[in-house]
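**Q** Annotations for this protein, taken from TrEMBL, read as follows:
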type	residues	note
DOMAIN	104-408	domain 'Plant heme peroxidase family profile'
DISULFID	Cys114-Cys195	disulfide bond
SITE	Arg141	site 'Transition state stabilizer'
ACT_SITE	His145	active site, proton acceptor
BINDING	Asp146, Val149, Gly151, Asp153, Ser155, Glu169	Ca(2+) 1 binding site
DISULFID	Cys147-Cys152	disulfide bond
DISULFID	Cys201-Cys404	disulfide bond
BINDING	Pro243	substrate binding site
BINDING	His273	heme b binding site
BINDING	Thr274, Asp327, Asp335	Ca(2+) 2 binding site
DISULFID	Cys280-Cys314	disulfide bond
Amino acid sequence: MLRSTGWSYVSRLAVKRADNSSRQGTTLPVAGLSGLTVSPFPSQIIGDYRILSRSVAASLVSQYRERIPHLRICSISEDSDRCAREDSLYCYSNNIKTGCGYAQLEMNFYAKSCPKAENIIKDFVQKQVPKAPNTAAAILRMHFHDCFVRGCDGSVLLNFTSSTGNQTEKQANPNLTLRGFSFIDAVKRLVEAECPGVVSCADIIALVARDAVVVTGGPFWNVPTGRRDGTISNVSEANADIPAPTSNFTRLQQSFAKKGLDLKDLVLLSGAHTIGVSHCSSFSERLYNFTGVFGTQDPSLDSEYADNLKSRKCKSINDNTTIVEMDPGSFKTFDLSYFKLLLKRRGLFQSDAALTTRTTTKTFIEQLVDGPLKEFFDEFAKSMEKMGRVEVKTGSAGEIRKHCAFVNN
């Protein structure tokens, strides 16, 4: 029997409609999934089986879900027989059903258990974010960092505890400048007062990120809920899985593919850099030490922009405190300015500049710039919802934390 840690052996997808028009399940080969194929994705053929990573299976399921609404995805921890009796989509191999990496999320998941939850969150965000507009970018970044490590499970919120000695994701280099934890805690207290032990911290991050962006005039996207909170948070995983601002194109592509996200998602989600700020330490190597020799500058960075940064902002390679707008002149507005700057070689990070080093992504950026703002908003919304489904925990997996910074006793 084939064995490989972290891989699902998938030969077919069994699909059942959930609209009660037909109770008859239809089994389809993965490669013939209504025109969707796995060929563009990393996979391996062994015998009669096509072997997909969990993240690739998750991506495939996500795309197919859009064709058939109201699908239920059985997770690996659920009872296979019960799951198969329900209207569901599941993966199986060698007649043994296994999880695809996506579990069930629903719009208005808390409609019965905590009907006021989403309005409580939205009202708080609408009152507080205008007082501190940078909160939107901070929570959006937090949501991204959360989803890229163990999925969207709120693990980024967990504190270091001396009892276990475990260094959590908060201690990881990419997360040392994360902000907004107190904002999430404040929202959690309000929701707990209304419905104790019902709404997860993972869902709160996802909802706050969306609502905060909307307050700034940015796009709205659907946030299906039902995520549960993870109980594990590991500093080394965060350092390994969160794409660094120094990432080249290959590294970015690999990081996103690992989470079932494609190049289009990479460009669109990078578009979040249209709001917010960064510390000099995230890009100062481009200005002062690009080749490892002090005084060398990244040649892909517009020289006038680089000179401006060195003379007015990051005056030393050791500056760890000065903040710089990621989208100069428009950092409070969710618009297309970030992409326009990329085409002028004025992306702040190496990871920004990397997006224009491949024809596929550069062409997409040009299409966004030439199109209406609504097109960017619509496409960004789709990628955000897709990212929000990455490796989520549902059902009996994980827990609903009482306090977002600590696992339950």
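In case you wondered, yes, glycine gets a Cβ from its N, Cα and C as well.
What TrEMBL says about a protein is an automatic prediction, not a curated fact.
Keep in mind that what you see is a predicted model, and the values were worked out from it rather than measured.
Buried or exposed, and what's around them? Tell me for each listed feature.
**A** Here Cys114 (disulfide bond) comes close to Val191, Glu194, Cys195, Val198, Val199: these same-chain residues lie at least six apart in sequence, with C-beta atoms under 8 angstroms from its C-beta.
Arg141 (site 'Transition state stabilizer') has a Cβ environment of 22 other Cβ atoms inside 10 Å.
Here His145 (active site, proton acceptor) comes close to Val156, Glu169, Pro174, Asn175, Leu178, Ala238, Ile242: these same-chain residues lie at least six apart in sequence, with C-beta atoms under 8 angstroms from its C-beta.
Taking Cβ-Cβ distances under 8 Å and a sequence separation of 6 or more, the neighbours of Cys152 (disulfide bond) in its chain are His143, Asp146, Ala202, Ile205, Ala206, Arg227, Met387, Gly388, Arg389, Val390, Glu391, Val392.
Neighbours of Cys201 (disulfide bond), defined as other CB atoms within 10 A of its CB across all chains, total 30.
In sequence order, Phe148, Arg251, Leu252, Ser255, Phe256, Ser351 make up the list of same-chain residues 6 or more apart from Pro243 (substrate binding site) whose Cβ falls under 8 Å from its Cβ.
With a 10 A radius on its CB, His273 (heme b binding site) counts 25 other CB atoms from all the protein chains.
In sequence order, His273, Thr274, Ile275, Gly276, Thr333, Ser337, Tyr338, Leu341 are the residues near Asp327 (Ca(2+) 2 binding site), counting only same-chain partners six or more apart with C-beta under 8 A.
All chains included, 24 other C-beta atoms sit within 10 angstroms of the C-beta of Cys314 (disulfide bond).
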**Q** When you average the Cβ positions of Asp146, Val149, Gly151, Asp153, Ser155, Glu169 for the Ca(2+) 1 site, which other residues in that chain have a Cβ within 8 Å of that mean position?
**A** His145, Cys147, Phe148, Arg150, Cys152, Gly154, Val156, Gly230, Ser233, Ala238
**Q** Please give me the recorded positions out of Cys201, Cys280, Asp335 that lie within 10 Å of Ser155 (Ca(2+) 1 binding site), comparing Cα atoms only.
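**A** Of everything listed, what lies within 10 Å of Ser155 (Ca(2+) 1 binding site) (Cα to Cα) is Cys201.
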**Q** Taking Cα atoms as reference points, rank the recorded positions Cys147, Val149, Cys280 by distance from Arg141 (site 'Transition state stabilizer') and give the first.
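**A** It is Cys147, whose Cα lies nearest.
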**Q** Around Cys201 (disulfide bond), which of the listed recorded positions (Cys147, Val149, Gly151, Cys280) come within 10 Å, judging by Cα atoms?
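**A** Final answer: none.
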